[in-house]
Amino acid sequence: MAPKGKVGTKGKKQIYEENKETLSFYLRIILGATVLCGAINLGVFYSSSNFWTWATLVFSGIVYAGAYRSMRSMAQASFSEDGSLLDGGIDLNMEQGMAEHIKDIVLLTAIVQVLSCFSLYFWYFWLLAPGRALYLLWVNVLGPWFTADNSSTVPQEQNEKRQRRQERRQMKRF
């Protein structure tokens, strides 16, 4: 059963603390996946490593760096001169926020990176990221724009007059 009433808001300090925890959690994921992939490729599969193995490692590093830097800049807190917290930054744990999509990219990259230690074909799963971006672009921007009807060309006054006329006609029938 859903809780009744208004959802409680978070304070600046709570957002600041949760953002620090979130950033450290995703940094551990990034470092863990990269170290694991590097150790497996260097230790176990070194003889079968090729250019694409290392290119995907560099690609994932670039994705990680961009995503982590974006999350860190979103969570940037501001303090006053006396050291008190003025702004806790953007809440990284907010649902349907941009940070949620960035966290999904980090998780997808980590999963694909670890799986790619065994087969480079797992990198095709990374195509889910641009696919999801195109889907969101279509649903939120392009789809409504293409399917919007052109009723806005008729002035609002004429629409109201037509509606009143139709109401009068309906009243006469009864």
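Using the three backbone atoms N, Cα and C, a Cβ is placed for every residue, glycine included.
According to Swiss-Prot, the features are:
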- 25-45: transmembrane segment (TRANSMEM)
- 51-68: transmembrane segment (TRANSMEM)
- 105-126: transmembrane segment (TRANSMEM)
- 151-174: region 'Disordered' (REGION)
- 162-174: compositional bias 'Basic residues' (COMPBIAS)
Hey, which bits of the same chain come close to the transmembrane segment (51-68), Cβ under 8 Å, at least six residues off its ends?
23, 26-27, 30, 33-34, 37-38, 41, 45, 102-103, 105-106, 109, 112-113, 116, 120, 123
Just give the helix, strand and coil counts over the compositional bias 'Basic residues' (162-174), going by DSSP.
12 helix, 0 strand, 1 coil
